[in-house]
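Asker: Please see the structure below; I have some questions.
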Amino acid sequence: MITVNVDLGDRAYPIHIGAGLIGRTELFAPHIKGSSVTIVTNTTVDPLYGDALRAALAPLGKRVSTVVLPDGEAYKNWETLNLIFDGLLTDHADRKTTLVALGGGVVGDMTGFAAACYMRGVPFIQVPTTLLSQVDSSVGGKTGINHPLGKNMIGAFYQPQAVIADIGALTTLPDRELAAGVAEVIKTGAIADAGFFDWIEANVEALNRREPAALAHAVKRSCEIKASVVAADEREGGLRAILNFGHTFGHAIEAGLGYGEWLHGEAVGCGMVMAGDLSVRLGLLDEASRQRLDAVIAAAHLPTRGPALGDARYMDLMRVDKKAEAGAIKFVLLKRFGDTLITQAPDEAVFATLAQTTR
């Protein structure tokens, strides 16, 4: 087992990474202070790992209940969030009840938001079961739900007590979900660590094959990078926005097609191709680096051309973005691997990128 710490003073927490961690009672025990636990999971993950988690919690002598949500990005909304609150209120959960998010990014984001809101804040633990959630969404305290007009526009910054990333859970992940997680790994290397990007290029096939050593390193290094960014800028006042490389275009794709049509990581992968193209057009990135970025995204079996939503629709959707200011779209662009710039771009350059990178 590897442990990475997120240094946030009195709200610091560990990220435990390894195989077989869902069943290890001792990893949960220090973070559960009250008399009850509510597991929040979904219809796909509960049959796979729910019993193992409940067995791990049993020796703690707590009252354990489970809320099972429908599976998918399409359900990341108020209606599904209320199912969590319904369960908590029905079970008479109190301020010391610990929520445990067992699932991917949708489960983790909604459980964290419910924890932030219920009785104005109860503790929660992240147990991410997808590669995307292990390398990205479970770390850093971003929680929330989608709105029909924009992704993740309603939410809160609320840190977990711990993240327990069991890479053994990745063996049951569908291929599309695995590729979606690799997209976030690629993003992390591209924005923050040129050496890690080199490693990803050399090991993308090992990740595709789910080789445990490659997966463990990808999760560890991604978490180290994200932990250091979050520690420096917890509430995305500046530096943390670099983690949104590929997300301005990507979120537009998700909202434009309808949530769940493309996986989040698929949209981010394509969004990085689009952001790379725009980076070259603005004279920030060299063509050879753009080609390397496109090649590794394609090697991860991610889409490299976006849907033809139309220029006007893309622009409208990208204005509904947390980085936008006074309606002006801001993009995270690459200068070189490991070095980014957050900037506006002329409409003509964006239109040229859309013409080049959409169907």
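Quick reminder: no glycine exception, Cβ is built from N, Cα and C everywhere.
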Asker: Among E79, E184, E348, which residue does Swiss-Prot name as a further Zn(2+) binder in the site formed by H247, H264?
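Answerer: So the Zn(2+) site in Swiss-Prot includes H247, H264 plus, from the candidates E79, E184, E348, E184.
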Asker: Return one of helix, strand or coil for V107 (NAD(+) binding site), based on DSSP.
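Answerer: DSSP call for V107 (NAD(+) binding site): helix.
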Asker: Nearest by CA distance to E184 (Zn(2+) binding site): which of the binding-site residues is it, out of D71, G105, V107, D109, K151?
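Answerer: Given the candidates D71, G105, V107, D109, K151, the nearest one is G105.
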Asker: From the centroid of the CB atoms of E184, H247, H264, the recorded Zn(2+) site, which same-chain residues not already listed sit within 8 A by their CB, in sequence order?
Answerer: L132, D136, S137, A180, A183, K187, G246, G250, G265, A267, V268, G271
Asker: Any idea what the Cα distance is from H247 (Zn(2+) binding site) over to E73 (NAD(+) binding site), rounded to a whole Å?
Answerer: 16
Asker: Could you find out if DSSP has K151 (NAD(+) binding site) as helix, strand or coil?
Answerer: strand
